[in-house]
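Enquirer: Quick one: structure below, then a few questions.
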C-alpha cells in the first residue's frame, strides 16, 4: 500500500511529474496551460514555468490551431482518457518555431468543479524518420519488382499466388485481383495448365527450383511462349515463405529455334533424298556396268573371231600387208575395249565394296616368273624384263589381286618405255612381308601431275596416243590398300618411273582356313 | 580320226564362228543352240570335249554340266565354259562344279585351241 500512499502524497506525485521522460501538460477548460513538467519544457524549448498560463495552442503549429481549438472545446464537453488523433499524424511546435511529429494521449480530472485535461506528449521524430526510411526502401524495392523487365509472381508458403508484378499485369492485361490465387491460370494455354501445376507441385514437395515453358495469353489475345524459372523463397530467419517465379517471353527465340529445327529437318530430308537418289543412280550405274560388260562381250567375241577367220582365209604368204595391218588394228582395239570393260567392272566392284581377299600360299619366284613369261608378248622389240627375287620362297597373299597389280604395273612399264629399254623387277620376301620394286626407263610422269596419278580417269599429259582408261593405277592402289599394303612412286619426266609396293606379312594360320 | 567337239552356244554368230575356227584347226564339230539339246547331244554323241556357254535361256550352262557330271557315260568328258561374264564368283562356281577350264569372251583363238588341245591330251 506504499505505492498508493506514494501516489496520494504530494511529494510522490511531484517526483512522478518531474522525473517522467514523457512530456506532461495540464490544461484547463479554457485551454490555458496550468502545469508543465520539466520534460515538456525541455521538449518545447521553454524555461521552467514559462509555459504556465500560455494557451495550449502556442504549442501547436499555426495551421492546426483553429482545428485544435474546436477539438478541445468538444473534448471538455465529453472528456475521456484516450489517445489523441487516432490514425492522424499530429504535430507540435517548439518555441523556436520548429515543428515536429508527436504522439499524444489524453487524460482528464476535476479539481473543485474545474475540468482539467492532461496531455502526455511523446516526440516521435526519430520513429517517423525511421518509418520514412523503411517506407522509402520498400517503395524502392517495390518499384524494382514492379518494373522488372521480367514478369514476377510470388506464391506464399501454402502455394497461394499472392503477388504479380506490373510487368506481368501489363502483359496479361488483367488486374491483380483477377490474377491472385489461380486466376492467372485462365490465361495459360489450356493444354499447358496441368503441366504448370504439376511442375510446381513436384518442386514444392522438395522445395526445389524448377523451370517450365508454357503459353500465356497476352492482352492482345495472342498466346506467347513463356519461360518460367521459379525458386523457393526464405525469410531472413530461413523460414520457407513460398516461391518466387520469374517469367520471360521467349516466343521469338522459340519460334526462331523451331524454324531453325524445321529448316535443319528439311535440309536433312533433302540430303537423305539426295543420298537415296545418289544410291539409286549408283546402283543403276553398277547394273549398267555389269550389263554393258556382259552384253559387249558377245559382239566383241563375234568381231574377234571373225577377224581371226578373215586373217586365216586371206592369210598365208600372199597376205596383203595392208589387210594385216588393219586386222591387227581391229584386234588391238577389241583388246583395249575388253580391258576398259574389265577396268570398269573392277572399279565398280571396288566402289560397291564387293571385293574380298582370298589368300593363297605360293612360291613367289615361280609365280612372278610365270607372270613375266605370259607378258612377253606385250614387249616392244628388244625390251627386257629383269627379275631379281630375294628372301624366302613361300608367301601368303591374294594371288589374283597381286597378279593384277603386277600385270598392270609391268604393262605400264612396257607401254610407256621405248624399244630396247630395260625394266627391273626387284622382289624382297622378308618372312612373308613383300617389297616389290618396278623400275622402268620410260617417259616418266610430269612432276606437277604426280599428285593426281592415282585419281580415277587421270592420264598424264605425256601419255599421248598410248591407250588407257585412267583406271589402271586407281585399281592397283585400291587392291594394294585392300591387302593392307602401300604403294609409292618416284618419277622423273623423260627418265623413268619407280613404283614400290609394300605388303605386310599375313598370318597363315588365321587366314588360310576356309580358303 | 578327228576329235569331236560339241559346241553349246545360243548366239548364232559366235556358234558359227567357233565352229569355223575349230574346223580350221582340224576338229569335227557338233553344235546345238540350247542347254537341253546340249545334254541330249552329249549323251548321244559322246564327244571328246564340250564347249558350253553359261548364260542361255531355259537350260543354262551350269545345268548342262550338272547333268553330264551325273551321268557315268559323260562325266569324264572335258568341259570348257565359254563365259561373257568376268565375274569372279561365276567363274568360281563353274570351276567348283567340275569344269575343266573356262574361257572369257571375247576369246583369243589361240587361247581356245591351246585349251582344247591341252585337255584332249
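We number each residue from 1, going along the chain as drawn.
Every residue gets a Cβ built from N, Cα and C, even glycine.
As annotated in TrEMBL:
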type	residues	note
DOMAIN	A:9-54	domain 'PAS'
DOMAIN	A:137-207	domain 'PAS'
DOMAIN	A:210-262	domain 'PAC'
DOMAIN	A:291-507	domain 'Histidine kinase'
Enquirer: Looking only at the domain 'PAC' (A:210-262), how are its residues distributed among DSSP helix, strand and coil?
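Expert: For that range the per-state counts are 12 helix, 30 strand, 11 coil.
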Enquirer: In the domain 'PAS' (A:9-54), how many residues does DSSP call helix, how many strand, and how many coil?
Expert: 17 helix, 11 strand, 18 coil
Enquirer: Sort the residues of the domain 'PAS' (A:137-207) into helix, strand and coil with DSSP and give the three counts.
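Expert: Going by DSSP assignments, the domain 'PAS' (A:137-207) contains 44 helix, 10 strand, 17 coil.
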Enquirer: Which whole-number mean pLDDT does the model give the domain 'PAS' (A:137-207)?
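Expert: Residues in the domain 'PAS' (A:137-207) carry a mean pLDDT of 93 in this prediction.
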